[in-house]
């Protein structure tokens, strides 16, 4: 399969997977126009849409795309049933698309019904995990988001994290505000900054690398624990996650 990204809005990415025959699945099409152009440019044949959650910048283009391609199956969680989803899916389900099985698992936190789609090595994680960060808690709790990230963290090292937003540089700035002397984060920040200066995307990233630069996946890391302990003593990793998320919200 071939992985493609379509920029949308200010910082969204609409992901598209296509096979050698040109059949494709579209992930979180927040608007239709750039998707329709890409379909025309590449001569793709849309087969399905994956929706991760109900926010408009992820579902806004679904109904228009269905007008052009009514044969498409639109998979999504229950919270997307009025956003164009034709097949509701949830935790533990598997869907066969383009000849590949995609496992679906619940990742509440950003929204209560948020889900991810995984077919090795591709993980479409919407607004749950970003490179260097994680989604804001609009509906769920810090504990729910922590548990969702821990699910993702069990996936293979070479998993490709296909997040829905270009937030990497800002997330790394936050990480360096907490661990300013972390050599790996500093090195990666320089690389990411060079990419963004050239208007190049920083995604997808592999999970092995993400475990090193994403503080939200490092809540049991001794350097991070020592830094948090300067302000407050938190015994549980989920409490340290909540502390980080609160800090990021006001960064």
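Every residue, even glycine, has its Cβ placed from backbone N, Cα and C.
Zn(2+) 1 binding, as stated in Swiss-Prot, involves 53, 55, 127; the candidate among 68, 87, 110 given for that site is 110. The record from Swiss-Prot ties 57, 58, 127 to Zn(2+) 2, and of the options 42, 165 it ties 165 to that site too. For the pair formed by residue 55 (Zn(2+) 1 binding site) and residue 165 (Zn(2+) 2 binding site), distance between Cα atoms is given as 13 Å, rounded to the nearest Å. Residue 58 (Zn(2+) 2 binding site) sits 13 Å from residue 110 (Zn(2+) 1 binding site), taking the CA atoms of both as reference points. Cβ proximity to the Zn(2+) 2 site centre (mean Cβ of 57, 58, 127, 165, cutoff 8 Å) flags the following additional same-chain residues: 12, 28, 30, 53, 55, 126, 164. According to its DSSP assignment, residue 110 (Zn(2+) 1 binding site) is coil. Cβ neighbour counts within 10 Å, taken over all protein chains shown, single out 53 as the most crowded of the binding-site residues 53, 55, 165.
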